[in-house]
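Input: a single structure, listed below in structure tokens.
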Amino acid sequence: MASFLWSVCLSFLLLATVTKGASPKQVLDVPFGRNYAPTWAFDHIKYINGGSEIQLKLDKFTGTGFQSKGSYLFGHFSMHIKMVPGDSAGTVTAFYLSSQTNEHDEIDFEFLGNRTGQPYILQTNVYTGGKGDKEQRIYLWFDPTKGYHAYSVLWNMYQIVFFVDDVPIRVFKNSKDLGLKFPFNQPMKIYSSLWNADDWATRGGLEKTDWAKAPFIASYKGFHIDGCEASVNAKFCETQGKRWWDQKEFRDLDAAQYRKLGWVRKKYTIYNYCTDRVRFPSLPPECKRDHDI
């Protein structure tokens, strides 16, 4: 018991470590309508407190979703989400960035529901030039259905960082020198949706959505966007190098953040494409640089 308590204390101390480098700036909470608009099943979105909060509803007829009004080439994007509570097996709550081309770029958060009492799984992925296959899955160190938590993406010319609250859970570096593509010239919109994916989402599709538990509700607030807004056809950001997320301290994580990333890797990672030798007999070249192994 003593060793267990000491382990818990160490975990909390690690999370409380003050970082000096690349912590994103404080997010600005704005109403939904400032930056976003519904995309489908408008009647399945409920507005609360004048649009400062919204709820997405999934039932046996349809899910729903929304997207940003603008397209962005680099920036910091954050959403506070409270996941579907109870038996959420078969459901997926997605928060992601994506361009609108045949060989699209994409940066994904996907929250995979589960049976009551079983933990949510957070899957991340990065697509470049229309190709993904870079899945990672983790458990969270809290219950994401009990309250709001911030899920954020920091994207610049040097790296993409996935954050849960202030904890970096994944880094994807610009590894052009290794012959790898990196999202740098396709403006992306920000999307979120709640939908049924019981053909794959929970235990590979073995657990089906229990429609007797519907409707399923995911709640949102925050709606923060701080990015370089560009037309869909823009190939560069006019303010390149001038925004806070472009500065030197945001080109890499600092030592404290790498410790937090290592903590997530060691204690909560349940799948990492970098260690999947069935799919990738040879180690993908970016994995060591991205601290995935």
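Cβ from N, Cα, C; glycine included.
On a predicted model such as this, the values are computed, not experimentally measured, just so you know.
The active site, nucleophile feature in TrEMBL is assigned to GLU106. Proximity of GLU106 (active site, nucleophile) to non-local residues of its own chain (separation of 6 or more, Cβ distance below 8 Å) is seen for TYR96, LEU97, SER98, SER99, ASN125, VAL126, TYR127, GLY132, MET188, given in sequence order.
Close to GLU110 (active site, proton donor) in the fold, though at least 6 residues off in sequence, lie VAL92, THR93, ALA94, TYR96, LEU122, GLN123, THR124, ASN125, each with a CB less than 8 Å from its CB. According to TrEMBL, the active site, proton donor annotation covers GLU110.
Summarising the annotation, TrEMBL assigns domain 'GH16' to 23-220.
Look at TrEMBL and you will find ASN114 tagged as N-linked glycosylation site.
The feature signal peptide is assigned by TrEMBL to 1-21.
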Model confidence over the domain 'GH16' (23-220), averaged pLDDT: 95
Under 8 Å by Cβ from ASN114 (N-linked glycosylation site), same chain, sequence gap 6 or more: SER88, ALA89, TYR120, ILE121, THR202, GLU207
